[in-house]
């Protein structure tokens with residue numbers, strides 16, 4: 001019985017430390033993926049706090065449960081990791097079924113952020129990064145910047161940026177070492193045929209769709225990899241729970257008479273019962 005106990009204990013030890021490392025790596029990486037702002041008036045700080053809190057609780061449950069061999073924390077970890085996996089799977093299916101609705105929501109999201117472009121420096125940096133990365137301008141075109149009070153082309157607009165676009169809409173010139181932040185001034189006052197020589201005329205929604213189509217294999221591989229990691233974590237946690245419960249079930253307490261024996265006799269008796 002002693003040999004089986006120590007053999008099972010060694011396997012459990014390997015699994016629990018693997019789960020500990022898995023939690024540090026998996027939740028540590030996911031907790032750094034956060035780049036969303038202006039969610040319908042919701043302060044993104046609260047979103048980050050909620051997501052970070054969930055990550056901390058699950059990571060804590062997995063790490064401490066594995067190190068301390070606490071079956072309750074390990075079951076909590078595996079159940080909620082399974083719930084997250086189910087929600088991700090459901091979200092992926094719904095995103096495929098309602099892709100037109102998601103496109104409309106993405107358009108609404110970008111247009112709302114265009115309206116508030118000058119109100120929040122973080123939001124401004126996010127939009128500039130998106131337009132530079134996708135080589136796009138606005139949701140479906142440069143004219144979407146008419147929604148912003150500083151860039152619209154109305155006669156009563158006193159802004160110097162009237163009929164313009166942010167510098168992130170401009171086409172890049174490899175010869176320029178310094179970004180020209182005024183490259184988009186008055187650009188939309190020109191004919192459409194001339195605008196494409198200075199700015200990206202394609203919208204960010206079509207460019208995002210094109211990027212997804214071009215990188216479908218990469219995106220699918222990332223999602224499948226994350227899903228496999230989650231399934232692997234659930235299986236490890238359940239395996240460790242089974243090992244802990246099996247070891248506890250096989251453990252037989254020593255007879256009460258052993259407590260009355262001298263120390264030397266107690267060791268001999270313990271060796272005999274093992």
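Going from the start of the chain as shown, residues are counted 1 onward.
Each Cβ is built from the backbone N, Cα and C atoms, and glycine gets one as well.
Automated prediction, rather than curation, is the source of TrEMBL annotations.
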| Which range of 190-215, 216-241 is transmembrane segment, per TrEMBL | 216-241
| said: If I go by TrEMBL, the feature transmembrane segment sits on one of 45-67, 114-136. Which? | reply: 45-67
| remark: If you count the other CB atoms within 10 A of the CB of residue 136 (disulfide bond), including all protein chains displayed, you should get 26
| remark: Cα of residue 169 (disulfide bond) to Cα of residue 137 (disulfide bond), in Å and rounded, measures 5
